[in-house]
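> Input: one structure, supplied below.
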Amino acid sequence: MSAKVNDDLLTERRKCEFNVEELTNYLDGGAQATQNRRKLEDKVLSTKGLFDEVPEEYLSHKEKYENAVRKAVVYYKAMKEAEDPNQTEQERANATYRSLLHAAVFKDNSPFSLHLAMFIPAILGQADEEQKKYWMKRASKMEIIGTYAQTELGHGTFIRGLETTATYDPKTEEFVLHSPTLTAYKWWPGSLAHTANYCVVMAHLYINGKSCGIQPFIVQFRDEETHQPLPGIKLGEIGAKLGFNTVNNGFLGFDQHRIPRNRMLMKNAQVLKDGTFKRSPNSKLTYGTMVYVRVVIVNGMANQLARAVTIAVRYSAVRRQSELKPDAGEPQILDYVTQQHKLFIGIASSHAFTLTAKWLTRMYQKVTADLEKGNLDELPELHAIACCLKAVTTTDTSVLVERSRTSCGGHGYMLSSNLPQIYGLVTAACTYEGENTVLMLQTARSLVKALEQAQSGKRLSPTMSYLSEKVSSRLKWDNSIDGIVKGFRRVAYGKVESAMRSMRKYVRSGLGPEDAWNMSSVQLVAASEAHCRAFILSTYKSEVDRTSGSLSEPLKTVLYYLVELYATYWALERVGDLLLYTSISEADIRQLQDTYEDLLGKIRPNAVGLVDAFDFRDQILNSTLGAYDGRVYERLMEEALKSPLNAEPVNQSFHKYLKPFMQGKL
Ligand SMILES: CCCCCCCCCCC/C=C/C(=O)SCCNC(=O)CCNC(=O)[C@H](O)C(C)(C)COP(=O)(O)OP(=O)(O)OC[C@H]1O[C@@H](n2cnc3c(N)ncnc32)[C@H](O)[C@@H]1OP(=O)(O)O
Ligand SMILES: Cc1cc2nc3c(=O)[nH]c(=O)nc-3n(C[C@H](O)[C@H](O)[C@H](O)COP(=O)(O)OP(=O)(O)OC[C@H]3O[C@@H](n4cnc5c(N)ncnc54)[C@H](O)[C@@H]3O)c2cc1C
């Protein structure tokens, strides 16, 4: 097949006003990081056996899983072999920060993902030093494969309501794990069904009949040689899902299953041999693995969104449809301003999430280091900001990936475009690791507390300190980026205050505080959203200010177009709220709309350059519509021909059913 690049894409690349490689380096965190990432990709992607002969979508549920395990093993070994021993941990982390290498291998997700994303982090965060040494030696080499088993059939969100019990037996120095009901069965953990042999189980600890809260236990549930479930273990797979079909989500029930005392992960709380319980300094430390994954998800969303928007923008440069002007031929669909409106916010959001994720990762690292020294002061702030960022970035990414898909018209509906699978991956994140509404309400809880503290003259944590600033009933509006950040903060303040007023009103009318909270929760979620949008926007702007000093002028200019586009887009989306709490006028709104349209026009010549700068290889995009060369139609046909239905000109169903039916013989 010729390697000719589509002419429209060539023209787009010539029009780009900035240096694409410079932006790639900026997103990676430096030229060296780009080089390391590419080296890693070269090495891993040249491994034999990593890719599918038959596209995954044509396999059965069972075959998909078996094929994914085959690839996971090859991929894991390739990643290990590609590790550069001369690189520091930090350099390795930088090289993989924006890499979606696994996406080249799995159109869906890896059956090892829970081992790496949660089992190992749970050991690192919950085990004492001796346990960590023992388990990490085995887990890091994948001598054992683990998962994180928290959610049950009956409870996911409400962790305190988990029914699985771990009852300490001081006579044998063992815990007895038990699932007293059907709803107590662990349900959802990835890798649990047929891949893993160990898991971290979150269970309700009882000592001498007394509840000691939810605690983490490391549990072997399959024999290491035969892989048979151990006695007292009931196991299975939960069935087909919207996505995650190669992740092997499973169920697990315990029937009086005994494990030694040292299998409780005892970094925070401990059970001594005689059954003495030593409390954790803060019971929420047990939830630390979830906080870690929420932080990781924000970066994951930035990357997946970049992938979807790369596919959609390249396709939109190649696709020609309808007429803008008579006799001028069919324009590229990217010339339709509505198409730009659908897609450019995806590019800007990906940048905003990447920079916010970097900020959040630094905060996570600081708070974790403080926790090691016994300082828990900033844990509530980390929890509050991680909750809303996880919720808002997953919600926005799901919307924008779906918009990217529909922006590709009919071809976006093809699995070969890869957009449906990317949607399946990102929409899952709206639910897992804390359902989004629930997490928004956690942030709202902190906002309410912060406003109460501000009103009684206490100092607030940095991310909420604006709540202690003096506010006028309507903030004086200005259309600058800083003005928009202030506007969103004013909205957050106003909505928290209004929710608090509602709660007091409901309490006066006879409701209890919990019912009053529930009645006001729609407002509370809106307050969290405004708080989070102000946070993302201010972080995005200040991170670009902080890090763009040495960049070339053309690149800086485009980066600020995107920051301004992001701010303007959200101001226009939430104009009703701004009208309620600020002095924004009709003239301001009209000017914002003009600015927005002007920005779409300025970004237009740079659109393909901007997505090229994400630097995804074709193998990582895995898409008929998004490849670098723009050979969209050829690829669609090539992929269609791989359909097993095209293997023979006449399908047997014709002779079996259609022919007798059409000839009236059936
Ligand atoms: C596509 C790319 C992405 C890449 C990522 C890879 C991902 C791999 C796949 C992941 C697979 C998924 C795994 C899972 O889903 S595991 C299961 C996750 N489950 C959850 O997240 C459950 C959600 N529920 C909770 O977190 C809590 O129960 C909840 C926060 C909702 C409430 O807890 P609880 O009822 O016990 O507490 P209260 O509301 O009464 O609050 C008590 C106080 O504690 C504070 N709090 C709560 N949680 C935390 C925390 N984690 N850290 C610190 N503090 C916490 C809370 O704010 C209250 O404080 P105050 O009393 O001071 O107000
Ligand atoms: C793809 C995928 C992978 C997963 N992987 C794992 C895994 O590896 N390990 C694991 O342990 N779990 C896993 N989970 C489970 C996941 O963590 C839970 O599904 C999630 O925490 C939500 O809990 P739930 O299903 O109980 O939803 P529910 O809490 O039942 O939510 C249902 C509805 O009730 C609402 N609701 C619930 N509580 C409140 C409240 N307090 N206030 C207002 N509204 C409320 C929610 O907003 C939602 O609209 C996975 C889930 C998915 C989808």
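Using the three backbone atoms N, Cα and C, a Cβ is placed for every residue, glycine included.
These came from TrEMBL, pasted as-is:
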ACT_SITE  GLU433  active site, proton acceptor
BINDING   THR151, GLY190  FAD binding site
DOMAIN    19-145  domain 'Acyl-coenzyme A oxidase N-terminal'
DOMAIN    287-448  domain 'Acyl-CoA oxidase C-alpha1'
DOMAIN    482-663  domain 'Acyl-CoA oxidase C-terminal'
> From the Cα of the residue listed as 'active site, proton acceptor' across to the Cα of THR151 (FAD binding site), what is the distance in angstrom?
10
> Sort the residues of the domain 'Acyl-coenzyme A oxidase N-terminal' (19-145) into helix, strand and coil with DSSP and give the three counts.
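Residue counts for the domain 'Acyl-coenzyme A oxidase N-terminal' (19-145) by secondary structure: 89 helix, 0 strand, 38 coil.
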> Looking only at DSSP and grouping its letters into three states, which state does GLU433 (active site, proton acceptor) belong to?
coil
> May I ask which residues of the same chain, at least 6 positions away in sequence, place their Cβ under 8 angstroms from the Cβ of the residue listed as 'active site, proton acceptor'?
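Long-range Cβ contacts: MET290, VAL293, ARG294, ILE297, LYS390.
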> Name, in the order they occur in the sequence, the residues of the same chain whose CB lies under 8 A from the CB of GLY190 (FAD binding site) and which sit 6 or more residues away.
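Once residues fewer than 6 apart are set aside, GLY190 (FAD binding site) is near ASN109, PRO111, SER113, LEU114, THR147, PHE244, VAL247, ASN248, ASN249.
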